[in-house]
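Engineer: Before I ask anything, here is the structure I am working with.
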Amino acid sequence: MAKDGFDLVIGLGVTGRSVIRYLTDQGMPVRAIDTRAEPVGLDALCADFPDLKVHTGGFKKGWMGKARRLIVSPGVAVSTPAIAEQVVDGKEVIGDIELFARAASEPLVAITGSNAKSTVTTLLGQVADACGMNPGIGGNLGVPALELLDDQARLYVLELSSFQLETTYSLSAEVATVLNVSQDHLDRYASFADYLAAKQRVYDGCQVAVWNRDDLATRPPATVARQISFGAHPEADYRLDSENGQLLCRGEPLLSLSELALTGHHNAMNILSVLAISDALSLNRDKALATVKTFTGLPHRCQLVAESGGVRWFNDSKATNVGATLAALTGIGESIEGKVILVAGGLGKGQDFSPLAEPARQYLRAALLMGEDRTTVAQGMSAAPCELVADMAVAVRRAHALAQPGDAVLLSPACASFDQYSGFAARGDDFTTRAQELCHD
């Protein structure tokens, strides 16, 4: 073992703590670093691992140099100078998903994309469970991947972020998918091309690639021998036939849209991707169809949270990028008789908001924009009727005043939440509480 022979875990969030637990169980010497002076949960971690050496408040150069390898949490960029220096020196720098891939013995489905990852991961997990696979479901969603290894799973279903894929080298999934790609995390990546390259790593070594024929950025490399596509495109293997209201597999009807609990184009795409993956895994199709029919979605994802006076209120707080808001605005705008009042804004992450301009013109009664980058969002939406508001309380009251019977009020921020909230869930809960209070008055 090289040098002092310890693994250095960088970042003490949920992922970092799972890595420490895993390596300690393997009998590996471990040390840990967090650039925060007082990481949340540090006292509990030290109580659980009293022999663990921890440095906080920055990088400890001596440890960085002596460690045999670095295990970097997703929230820490490999391009950070202190880490990049170790890469240049030839040190192994990996993440928790790489450790998982080296240890897992059962088939893996790897799911990434700018949007819908959690929905597709959850629904596929439900399908696999209905088929008796006892799936291990997690990764970027819920349970850290390494904590799934002891669950006697016959199949792993992992949601993976671009950050996790950056430090993963031997994934070799049974089925891998990039659901969609739109601008996101441009505050971390030098360019959209770099972000796309990180997403495309999910296909490395996979047996089957499932991709979105409506989004060519998701297309896998030609080196993947077996490729299955989904989408509204006429040549998609699993296709949405909007004209006849059906989902098809190579021209044969699977089910009617009227049979689904979920509505909207984006939800049809999610269900098609799940059915494509399920078939690629040779899961029971009848059980898969029965499961997708009754799926009602996840919290904070186009979730109907209130209804009063002919106005419906939707919480889509998980929409932290333009692509997600575009899908929600189009899906809801197409499905209602009235107009949409959009509540958006927050931390823009360097995105281009101009793709929202056309659907905003078509579907919006008004956009109520809050948060640090609200002016930037308004500029991107150009001619759309925009109002700048101070916070969620003002936005909800104003939406209530503007809404007419047949309208929908949609919280779909297209931005991160950390300028005003602890996360997207707190933002969505704030919207939901205020909407329900108004509707019950």
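FYI, residue positions are counted from 1 along the chain as it appears here.
Every residue, even glycine, has its Cβ placed from backbone N, Cα and C.
Copied straight from Swiss-Prot:
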type	residues	note
BINDING	G113, S114, N115, A116, K117, S118, T119	ATP binding site
Engineer: Count the Cβ atoms, other than its own, that fall within 10 Å of the Cβ of N115 (ATP binding site), considering every protein chain shown.
Structural biologist: 27
Engineer: What is the set of residues, excluding G113, S114, N115, A116, K117, S118, T119, whose C-beta falls within 8 angstroms of the centroid of the C-beta atoms at the ATP site?
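Structural biologist: Everything else in range on the chain: I111, V120, E159, L179, N180, N270, A324.
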Engineer: Given a separation of at least six residues and a C-beta threshold under 8 Å, show me what packs close to K117 (ATP binding site) in the same chain.
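Structural biologist: Listed in sequence order, they are I111, N140, L141, E159, L160, S161, L179.
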Engineer: Could you say whether, by DSSP, K117 (ATP binding site) belongs to a helix, a strand or a coil region?
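Structural biologist: Assignment for K117 (ATP binding site) reads helix.
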Engineer: Return the single residue from the binding-site residues list (S114, S118, T119) that has the minimum number of other CB atoms within 10 Å.
Structural biologist: S118
Engineer: Taking the Cβ of G113 (ATP binding site) as centre, how many other Cβ atoms lie within 10 Å?
Structural biologist: 26
Engineer: For A116 (ATP binding site), just count the other CB atoms lying within 10 A of its CB, please.
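Structural biologist: Its Cβ has 25 other Cβ atoms within 10 Å.
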